[in-house]
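Asker: Please read through the structure below; I'll follow up with questions.
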Amino acid sequence: MNVFKKCAISMIIIALVVALSATATAETEIAPRAKGIILLIGDGMGLNQVRVADIYAGRILNKSLAVNSILTRGVTTTFSADSEVTDSAAAATALYSGYKCKNGAINILPDGRTVFTIGHAAKKAGLSVGVVSTTRLTHATPAAVYSQSPKRDCEAYIAEQLPEFAPDVALAGGQQYFIPRNESGSKRTDDKNLIEVMKSKGYSYVKDESELKAVNPKTCDKLFGLFAKSHIDYALDRENEVSLKSQPSLADMTKAALSILERNPKGFFIMVEGGRIDHACHAHDVKAAICEMLDFDSAVAVALEFRKAHPDVLVIVTADHETGGLGLGRGTEYALDVSALQPIKNSLEYLNKKLKKDPAKANDLITAAGFEFTDKEKELLQKHSPETQASGVPELSGFPKINGYVLSWIHYVLGSITSERAKIGWTSFAHTGQPVITWAVGPGDKEFSGSLDNTDIPKKMAKLLGVTLEQPVMRPSGSSAASECQ
């Protein structure tokens, strides 16, 4: 055989061997095994929510966000089965199950089939599961880990599914759907006491920060905590109101949950939600939104610190959607002024509660909350007050119809004033269809780089955890509570 032919054949063989070897190596690299996954979801957290919090942290607090240290990043689309603009229920379904459902439904497909989540898959494989949120435990994002409901608002029905799913750790707000109707603040229409049901199943129950910190993770196998009747209060208010300091931070809850979940030798899955970023952005409350972002980022820092001691754990940070169409810049100026927000001590929601309780002290309460007004702003307040009856301006009774988060005319006007001062713009009182960022660090983190859809995330998590997502099934007809939710 010609020597040149021999050389050519040899080179081809070598090239094939190298290519096959590289392929095998690549496959090995993209399919490692994660011992645990910490999925952190900033509800309503678009890129600009992250950016404005980072600017505030840098300029006012002289620090950087923990999430900035995560180098693997992807861009994630969030549309639902029936809209380019998702709600939290449909987004959470996609993030945990890999399926698109219609807005308002939790783990129920448009054709009526029930889908199962990464939480179900993890439990079936013997892994521990945790759910942590600053919202009610029955609110869409935490609820979708463990429940199925054609309507997200059926929170009493959703609460009944928690003992059946039996997560190892569940920490959030929302006592009102777990206590019987005769107890103060209950939103149930029956006599079920689901807190007692959870206790009977071996859960240690905690209801404030001191009780949470007193839990011994070496002896506590199952932990259940509800820290408010409804949502946990905004971080801004917890920082400045003595009466709210008994509520734990998201970082405290995350740390407590991980200390229990890490004991399972088979591994774990935990979802941690900064749920009130969304609420603050619905209300156009810039300072509250930034403080919620900082509270969420503190939980990210806890997860990253945990990963240092557990390098086989994958940390994923993402969002279910963007809320409010937050813009960095407003009007005709090339400017942003986060320092204008520094004096504010209360969320607009909490200030509204104070004003409702003691309207005669409105001026004093508003000043104490850190709001000072220019003459122009005083004119705006006067123009929009109910006494003025300005044409086209909704009054107190009209505001809940906007989105349930803007609670009064003064809430609306103060949100507008503070946003304008900071040079922050908004396009919506609802969600937007903007893609969100996904960050990942740990085994298989490169799976989450590039362009993603939210349905890709649970499939990748299942592969990396070594668990199997179940196929959808037709929903059986069930309880009376279920029928009320049809």
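Each Cβ is built from the backbone N, Cα and C atoms, and glycine gets one as well.
Grabbed the feature section from TrEMBL, which reads as follows:
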- SER88: active site, phosphoserine intermediate (ACT_SITE)
- ASP43, HIS139, THR141, GLU273: Mg(2+) binding site (BINDING)
- ASP43, ASP278, HIS282, ASP320, HIS321, HIS431: Zn(2+) binding site (BINDING)
- 1-26: signal peptide (SIGNAL)
Asker: Apart from ASP43, ASP278, HIS282, ASP320, HIS321, HIS431, which residues in this chain have a Cβ no more than 8 Å from the mean position of the Cβ atoms of those residues at the Zn(2+) site?
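Answerer: What remains near the Cβ centre is GLY44, MET45, ASP87, SER88, ALA91, ILE277, CYS281, ALA319, GLU322, THR323.
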Asker: Please report the three-state DSSP label of HIS431 (Zn(2+) binding site).
Answerer: strand
Asker: Which binding-site residues are spatial neighbours of ASP278 (Zn(2+) binding site) here, meaning Cα within 10 Å, out of ASP43, HIS139, THR141?
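Answerer: Of ASP43, HIS139, THR141, within range: ASP43.
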Asker: Restricting to the binding-site residues HIS139, THR141, GLU273, which ones have a CA within 10 Å of the CA of HIS431 (Zn(2+) binding site)?
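Answerer: None, since no candidate lies within 10 Å.
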Asker: Among the binding-site residues ASP43, HIS139, THR141, report those whose Cα falls within 10 Å of that of ASP320 (Zn(2+) binding site); none is a fine answer.
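Answerer: Near ASP320 (Zn(2+) binding site), where near means Cα within 10 Å, the binding-site residues are ASP43, THR141.
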Asker: Have a look at the binding-site residues (HIS139, HIS282, HIS321) and report the one with the fewest Cβ neighbours inside 10 Å.
Answerer: HIS282
Asker: Does DSSP put ASP278 (Zn(2+) binding site) in a helix, in a strand, or in coil?
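Answerer: In three-state terms, ASP278 (Zn(2+) binding site) counts as helix.
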Asker: Filter the binding-site residues HIS139, THR141, GLU273 down to those whose C-alpha lies within 10 angstroms of the C-alpha of HIS321 (Zn(2+) binding site); answer none if the list is empty.
Answerer: none
Asker: Long-range neighbours only, meaning 6 or more apart in sequence with Cβ under 8 Å: which ones does the residue listed as 'active site, phosphoserine intermediate' have?
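Answerer: Expected: ASP43, HIS139, ALA140, THR141, ARG152, ASP278, ASP320, HIS321.
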Asker: Using DSSP and collapsing to three states, where does ASP320 (Zn(2+) binding site) fall: helix, strand or coil?
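Answerer: Its secondary structure by DSSP: coil.
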Asker: Where does GLU273 (Mg(2+) binding site) sit in the DSSP three-state scheme?
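Answerer: Its secondary structure by DSSP: strand.
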Asker: Hey, how far is HIS282 (Zn(2+) binding site) from GLU273 (Mg(2+) binding site), Cα to Cα, in Å?
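Answerer: Cα of HIS282 (Zn(2+) binding site) to Cα of GLU273 (Mg(2+) binding site) measures 17 Å after rounding.
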Asker: For a quick check of packing: other C-beta atoms within 10 Å of the C-beta of ASP43 (Mg(2+) binding site), how many?
Answerer: 29
